[in-house]
Amino acid sequence: MANPNLRFKTNYDVSSKIEPFYKGGKVQISRDEQFIFCTCGSRVNVLEISTGKIVHSVEHDDQEDITSFVLSPDDELLVTASRALLLKQWDWKRATCTRSWRAIHTVPVASMTFDPTSTLLATGGCDGTIKLWDVVKQYCTHNLKGSSGVVHLVQFHPDISRLQLFSSSLDCNVRVWDLQTSKCVHVLQNHYSAVTSLSFSQNGDTMVSSGRDKICTVWDVHSFKATRTVPVYEAVASVAVLPEDSDFSQIGVKNKELHFITAGSRGVLRVWEASSARCVHTRTLSSTLTPASGEEQEKDEDNPRSLTFLFHLPVSSRLVTVTAEHNIVFYQLPSLSTLQQFSGYSDEVLDVKFLGKSDSHLVVATNSCQLKVFELLTNSCQILYGHTDTVLTLDVFRNASMFASCAKDRSVRVWHMDSDSGHVTCVAHGSSHTNAVGSICCSRLKASFIVTGSQDCTVKVWDLPAELPVEGEEVHQLTARITEKAHDKDVNSVAVSPNDKLLASGSQDRTAKLWSLRPEGPLELLGVFRGHRRGIWMVCFSPVDQVLASSSADGTAKLWGLQDFSCLKTFEGHDASVLKVIFVSRGTQLLTSGSDGLVKLWTIKTNECVKTLDAHQDKVWGLHASRKDDLMVTGSADSKITVWKDVTEVELAEEQAKQEDQILKQQELSNLLHEKKYLKALGLAIALDQPQTVLTVIKAIRQGENTCELLEKTVLKLRTDQKESLLRYCAMWNTNARNCLDAQGVLQVLLKHLPPEELLQFQGARTHLEGLIPYTERHMQRIGNLLQASMFLNYMWQKMRGGALPLGVSGPGGVLLGTDGLGRSWRGSSGVGGAGLALAYQWVQRGVAPAWAVPREPPLVCARRMPVWRSGWALGGGWGGGGTLAITEAHRAGGVKKG
């Protein structure tokens, strides 16, 4: 059973994110080799190489896609061009636009470059023109015409004294422009397809051009003649000339002749000797696949491994490549060993799991045949090749250094990560399903077997050898020990119990089944769980109790008993399919993720949804908790991976600290009021954001001597933000008749001493003032009514004092008995004084005076119009002769008295 003293989780907070930062287009690396600049739709993201984090991002206000950008050689200026034909100059370190101007191009800019001095900017447009801009004096210096079609490549000669610009367009030629004459002085013709890149030697006398026609051409820049054509046998995307003064013997460079490296459609790096047109070294991507046939190698266009950019970093002696799948890979020269990899775009994340003994890595299955292993500390990514179709599901063994994957290619693979280097290799492979393998689960006690479920409706159990091969040895071939026709439709999920003795399977046929998993022999069906109205996406065993959790496309998660296969609880809250469900908090809580992009935390005992986490915009396919149960990771179809941290203890500690602070401040406030330090007390009460406490301070100020002056002096010394809060509190107090005088007193000070312009600058001032008006009018009406009653009372009092009938003196019709100052219980004659006083007393008690009560007529006339009053008042006797009038307060004097 679960620990009764276990504290439930209440909240998770985002700890880190792995988001798309590059979706294709240009990539550039800063001169100091610390940052990568790359396009991502309407933004240019700046990635710090050491941490793998996006540190800056610039975006056009119109959110138009950026067609090109360039960073100046001094790393100070960033210029972007958008589809709106707008050029913007940025201070990228502050992410602020310093200047913007209209490009004179009639269509979007396709290419941009700076000269070595960072003062001249060249833009190549889709209209076939090239324009040069002086970014210091801010004007267009050249307009070069003559190119045919889109100018997709512009580049200055590294020697600025030569004032030469090289460009290429759709005519497959390289044009050389003399900037002194603004004319094209040479057209270099040797390519028969688009020229993709240019690279100059250190002395600037030699240039190498690459093209999609599968050749590289070496040019003499003085004579502008082709000195060598090197057949590369693949479409070359980029070329980089190696420096002649470095030792690159490890990659086949044996002399000081010109050597260059090519990156192309086959995803390999090749080192070429220019003089002999010979390939001296080849660096292929790591792969567990057997080499492709020659026929397959010819199909380069859609190769996901094809390279699109190649950069040489001279300071750190590194190479950087960019792949067609938006991966950025760093190599160390001269060994060409892999240093770092970054994944710019992961497409749809289908599954994600923690990996490593300290949960230091994440293994991710995306909508591709490759697996990605991220190091959480640096976001560096290791790309695993092996599957030939989309990887669907992952699972990790208990030792956290091995995991298994399954894919649409009908195969399963087992991988091992070296605990020291973090390098991952494939150690086992199996393939016997007849359709896509959509679910996989590893044994829980030790790495002894794996279980898979497939769209062929079968469940297979694969035994693992006791000793798995190490890196460099041949991959072990797995064979299925058990094959069972488990369901009538696709098997979406399989789960192994914590003791490795039970197996659960969930299917699209809306049922989950429980199987006995024995070391030998076939699976034995123990029972069927029925109750979901749609297909089941996932099943999961509790780590402590004999229950099974399931999630379904009907929008619910259910808890089932393993003894009688009955549904124990149903959790409803998602608006769409519940894709994943896992146990946390030692089996006392559940985490679910759904197609609505939400992750929900449930407490099993109360069926309560404790927290809803919203950080994704699409289906959350991946959900996994760390071994320490303090972290949780989610992966979504929006390409985002989010790592969440349990902040229950942190929030509890913060709440306790907040309560302690409140107690201390309340005590301090009491001391200040006692010492009559009203200004400090008022400021502290406002800081606590407690309107009732502020009201208490205001009342204390108004109870002393010289209240108006003291209130005015205190309020005017407050800061502007404190006055804003005070105005907001006044609007609240004014709704209650008991507090309206205090509210009106503060308002009088604010309206009297602050100009209207300043008042209207307060946050929400208009709303607060509009709310004050109707309640103030109601208070004024009530006070007016009371004032009328008090005037009548005063009039009658004056008449009594000046007439022949003082209190306690007998008159013609009777004697006043036992009167007090207001005549509460008395007996009176038909004299005017007694009747008028009784009427006035009643009106004051009721808080309202009839319209005819205004003392415009003699009191006797008013008394004759007096109606019969409600309970407690009686009118008797008559007028004239010896008649008497007796008005009594029955509930006080005990009945009607006659006079």
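The first residue you see is number 1, and the count goes up from there.
Every residue, even glycine, has its Cβ placed from backbone N, Cα and C.
TrEMBL does not curate its annotations; it predicts them automatically.
Feature list (source: TrEMBL):
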| type | residues | note |
| --- | --- | --- |
| REPEAT | 102-135 | repeat 'WD' |
| REPEAT | 144-187 | repeat 'WD' |
| REPEAT | 188-229 | repeat 'WD' |
| REPEAT | 384-425 | repeat 'WD' |
| REPEAT | 430-464 | repeat 'WD' |
| REPEAT | 484-518 | repeat 'WD' |
| REPEAT | 529-570 | repeat 'WD' |
| REPEAT | 571-612 | repeat 'WD' |
| REPEAT | 613-645 | repeat 'WD' |
| DOMAIN | 666-800 | domain 'U3 small nucleolar RNA-associated protein 13 C-terminal' |
Contacting positions for the repeat 'WD' (384-425) when only residues 6+ beyond its ends and CB under 8 Å are counted: 285-289, 305, 350-357, 359-361, 363, 365-373, 375, 431-447, 450, 452, 454, 462, 464, 468, 471, 476, 478, 627
Beyond the flanks of the repeat 'WD' (430-464) by at least 6 residues, Cβ under 8 Å: 389, 392-399, 402-414, 477-500, 503, 505, 507, 515, 517, 523
PLDDT averaged over the residues of the repeat 'WD' (102-135): 93
Contacting positions for the repeat 'WD' (188-229) when only residues 6+ beyond its ends and CB under 8 Å are counted: 152-153, 155, 157-159, 162, 166, 168, 170, 172-176, 235-241, 243-245, 258, 260, 262, 272, 274-275, 277, 310
Number of helical, extended and coil residues in the repeat 'WD' (484-518), per DSSP: 0 helix, 20 strand, 15 coil
